[in-house]
Amino acid sequence: MGQSKKLNKQPRSLSPLVLLSGISKSFDGKEVISQLDLTINNGEFLTLLGPSGCGKTTVLRLIAGLETVDAGHIMLDNQDITHVPAENRYVNTVFQSYALFPHMTVFENVAFGLRMQKTPAAEIAPRVTDALRMVQLEEFAQRKPHQLSGGQQQRVAIARAVVNKPRLLLLDESLSALDYKLRKQMQNELKALQRKLGITFVFVTHDQEEALTMSDRIVVMRNGVIEQDGTPREIYEEPKNLFVAGFIGEINRFDATVIERLDEQRVRASVEGRECNIYVNFAVEPGQKLNVLLRPEDLRVEEINDDNHIEGLIGYVRERNYKGMTLESVVELENGKMVMVSEFFNEDDPDFDHSLDQKMAISWVESWEVVLADEEHK
């Protein structure tokens, strides 16, 4: 997070494939999407991320043509598809349930869409075989869905979707039914498949780690509007507001009060009662309240014993959890605020594993913090 860790941002040269302009949608008088604008580029893996009820699945269904918009327009490849039926949109959807036909073999499931499109019979077998080969299920072609694992069923659903060569593939929480290990494996396979096919993927999930792992771009939604749109690293390291900061991973929020501006970048502030310099890229006034945000892994901790004096926020270890590569500690500051700290394991450091109630000093590298205006005192 913060100034010194920012990426060199590469210009996005991808051409737009889907344009959503001024999209609104209500159900039973309640607006679930409000004046939404979104561009989806050719060949990218875009994730719509947000809590349940934020409108992300509704956006997916509107693009697919499974719901109709109340206002606004949807363009696909420079064609207005706002009122085009779903079957004519060159868009395929993979649902959470996979929706495979239980009485059909894997081959017949994948071939179904081609037959519905009246594809010449001579083309069907090679195209289905190619699609199954891409998802490594060629030898399972004659099995029924109930004879497959959850991960294999998911790959059949993807093969059935890509065999039609859609311009756009929509995936609605399609990994959520898998166990943890298989889910991690499928995340890698899905991203590799997307790169191989060159098809634009739009993926819906509420799982932040999944979004960070798979996406070229993440759109964070809340209450039917977009809170932030950016690369995974931008979303994680440069959150635009407290909602995004808190929704993506663990984060610590410290209360700060401006003392004075030192220069164009730095402000002298009291952070939880400790004076320090913070990087602030917007106008502030003395006495103004701010939020200073730091990820657990961006904090430094040092044990305080009777014979040493260390600068920092003073607190006491209340919980400690060994996670293999990291040690995660909960430190209670002297004012009662709880702070999460994550340290990478170092077997050569005799002070690495802290005792409960150990007195600690918490600090961070200047400029690694993200500073936001206090939304309650605007």
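Every residue gets a Cβ built from N, Cα and C, even glycine.
Note that this is a predicted model, so its numbers are computed, not measured.
The annotation ATP binding site is assigned in Swiss-Prot to Gly50, Pro51, Ser52, Gly53, Cys54, Gly55, Lys56, Thr57. Taking Cβ-Cβ distances under 8 Å and a sequence separation of 6 or more, the neighbours of Thr57 (ATP binding site) in its chain are Asp172, Glu173, Val204.
Annotated domain 'ABC transporter' per Swiss-Prot: 18-248, in sequence order, evidence recorded as sequence analysis. For the domain 'ABC transporter' (18-248), the mean pLDDT of the prediction comes to 91.
Each of the binding-site residues Gly50, Gly53 was scored by the other Cβ atoms within 10 Å of its Cβ; the lowest score goes to Gly53. The 10 Å shell around the Cβ of Cys54 (ATP binding site) contains 23 further Cβ atoms across the protein chains shown.
Other than Gly50, Pro51, Ser52, Gly53, Cys54, Gly55, Lys56, Thr57, the residues of this chain whose Cβ falls within 8 Å of the Cβ centroid of the ATP site are, in sequence order, His206, Met221, Arg222.
Spatially close to Pro51 (ATP binding site) yet at least six residues away along the chain are His206, Arg222, Phe247, judged by Cβ distances under 8 angstroms.
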